[in-house]
Amino acid sequence: MTHTQLIDNIGELTTNDPSLGAGIGGRISGAAVVIEDNRIAWVGPASQAPAADERFDAAGRALLPGWVDSHTHLVFAGDRTAEFEARMAGESYAAGGINVTVAATRAASDEALAANLDRLVTEARHGGTTTLETKTGYGLTVADEVRSAQIACQIVDAVTFLGAHVVPAEADPVDYLALVTGPMLDAVAPYVTAVDVFCEAGAFDRAASARVLEAAGARGLATRVHGNQLGHGPGVQLAVEHGALSVDHVGFLDDADVAALADSWRGGGHGTVATVLPACDLSTRMPLAPARQLLDAGVTVAIASNGNPGTSYTSSMAFCVATAVLQMRLTIQEAVHAATRGGAIALGMHEDGWLDPRGIAQPRVGVIAEGARADLHLLDAPAATHLAYRPGMPLTAAVWRAGTRIV
Ligand code: NIG
């Protein structure tokens, strides 16, 4: 027995489906949406909407797809307020604090890690996030990485293995690389869909990062790269060469990096998404990633929160979208698209029935179109533009995830 819900009297509907409406956001006014169980069953003019079991009156407010946050590090324990205060007093971020979180995470019980993750995911959902990726990477032993992945895969939509975050303080770099590309990866693989590496001076160099990506590819796992965060480096080129789903941070790019990313999208295949992390750029006082230049070059861009206790202790995608418009010069439609469909493309969740490496069919997210998972975000505003026009205001009025109202 199916259950249907009609949402009508929508002020502005962002579908992200250009066949349904105007611009990159596929915007429609005077629209209605019908949900059947956990999927979108119908989208179109309200005057033609089919009858449904229940009706929700959007009262002229804007409806968008739920945020797809494709880059977070939320399996952790502890707090780094002192490091943040030192940074605000002029110290620079150099990734040294990762080991502080590693120590706290190793010392925490499974229950404490799960409770903290649950708290942060609930916070994110209250801000309109309906799809969330998280990485491991604060365990850095086989047992701690495995339990991080096991806990995460019960709570979030996609888990990425980041054993190659940094070489832990007690380890030898050569031995650790062998562990992370061998026994640790094998132990974590059943719980994750992708593998990431922090390709940066002080973390993993080009050769070591390439070994991580090759080991992932050999096991049929998708790949991502943390690249060009703290300075110019080989991360972007490496990501494109290895067909990574995304390269994230991308703060320091030269023309060859932008061209390589743009080339990866020519010919209609799945290129490498450039994921920008505006809250992290602000919190670390780094230059904002050149999202405008990337979009103008034809690169698919995602916006994510990078929620973590060191460089970006927020899950507010609305804050990231406002920053992308106000500071990175994206249009509101581009920013909303990057924070919804862009994230879905970065996760490989933009098409129906994608079988992840474990053989599990993933839903299509980041769009409001027939067949997609019914993930919807109603704003307390007549238009999505208010996300940037009224930055910092609590504009989330209601959230549906897989057809269930959760906020
Ligand atoms: O994406 N760049 C590496 N990893 C995280 C930071 C983690 C931390 O400082 O705890 C990031 O910014």
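Glycine residues also receive a Cβ, built from the backbone N, Cα and C atoms like all the rest.
Among the candidates Gln5, Gln229, Gln237, the residue that TrEMBL names alongside Arg80, Tyr138, His165, Thr311 for the 4-imidazolone-5-propanoate site is Gln229.
His71 (Zn(2+) binding site) and Asn308 (N-formimidoyl-L-glutamate binding site) have their C-alpha atoms 10 Å apart, to the nearest angstrom. Same-chain neighbours of the Zn(2+) site beyond His71, His73, His226, Asn306, judged by a C-beta within 8 angstroms of the site's C-beta center, are, in sequence order, Thr72, Lys135, Asp196, Asp248, His249, Leu277, Cys280, Ala304, Asn308, Thr311, Ser312. Excluding Tyr138, Asn308, Gly310, which define the N-formimidoyl-L-glutamate site, the same chain contributes His73, Phe76, Arg80, Gly97, Ile98, Thr101, Gly137, Pro309, Thr311 within 8 Å (Cβ to the Cβ centroid), listed in sequence order. Checking Cα-Cα distances from His73 (Zn(2+) binding site) against the binding-site residues (Arg80, Tyr138, Gln229, Asn308) with a 10 Å cut-off leaves Tyr138, Asn308, in sequence order.
A straight line from the CA of Tyr138 (4-imidazolone-5-propanoate binding site) to the CA of Asn306 (Zn(2+) binding site) spans 14 Å.
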